[in-house]
């Protein structure tokens with residue numbers, strides 16, 4: 001543990017060796033989602049996660065992501081989970097509904113299962129914003145998943 005102002009700090013790292021990672025990706029706004037997935041899996045492998053220990057499930061849209069995350073989390077087969085998708089504002093209230101319900105579901109499942117979930121579902125005003133953010137967000141999710149899986153192991 002590191003020390004910060006004489007307080008012991010739990011340390012985590014970004015070593016993904018041996019970690020089992022599940023990814024749930026929406027197929028809606030597929031170009032953006034595939035960009036997120038590419039960046040995410042590339043970063044996971046850079047961090048040492050073996051491709052053989054990465055499992056991907058695709059779902060029709062963002063609202064279907066939480067259910068599959070829940071099943072993966074309950075399976076005991078994963079150290080961390082990642083949600084990938086893109087909800088892009090349209091002309092109706094549907095954007096808020098999908099974004100809020102999906103986000104709340106992901107948070108609840110992480111708390112209920114005790115499995116860390118990196119939320120990589122972009123919520124943007126337009127396609128250009130989503131395309132501009134997909135690479136960085138995909139990589140960020142990979143790092144967050146690995147760091148949180150390792151932190152939870154330290155806390156056990």
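FYI, residue positions are counted from 1 along the chain as it appears here.
Even glycines carry a Cβ here, placed using N, Cα and C.
Per Swiss-Prot, the features are:
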type     : residues                        : note
ACT_SITE : 94                              : active site, proton donor
BINDING  : 28, 62, 63, 64, 86, 87, 88, 119 : 5-amino-6-(D-ribitylamino)uracil binding site
BINDING  : 91, 92, 133                     : (2S)-2-hydroxy-3-oxobutyl phosphate binding site
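Separation of the C-alpha atoms of residue 87 (5-amino-6-(D-ribitylamino)uracil binding site) and residue 94 (active site, proton donor): 10 Å, rounded to the nearest whole number. Between the CA atoms of residue 63 (5-amino-6-(D-ribitylamino)uracil binding site) and residue 91 ((2S)-2-hydroxy-3-oxobutyl phosphate binding site) there is a gap of 18 Å, rounded to the nearest whole number.
Residue 87 (5-amino-6-(D-ribitylamino)uracil binding site) counts 26 other C-beta atoms within 10 Å of its own C-beta, drawing on all protein chains shown. Of the binding-site residues 64, 91, 64 has the largest number of other Cβ atoms within 10 Å of its own Cβ. Within 10 Å of the C-beta of residue 62 (5-amino-6-(D-ribitylamino)uracil binding site) we count 27 further C-beta atoms, all protein chains included.
The shortest Cα-Cα distance between residue 64 (5-amino-6-(D-ribitylamino)uracil binding site) and any of the recorded positions 92, 94, 133 is the one to 94.
The maximum pairwise C-alpha distance among 91, 92, 133, the residues recorded as binding (2S)-2-hydroxy-3-oxobutyl phosphate, is 23 Å.
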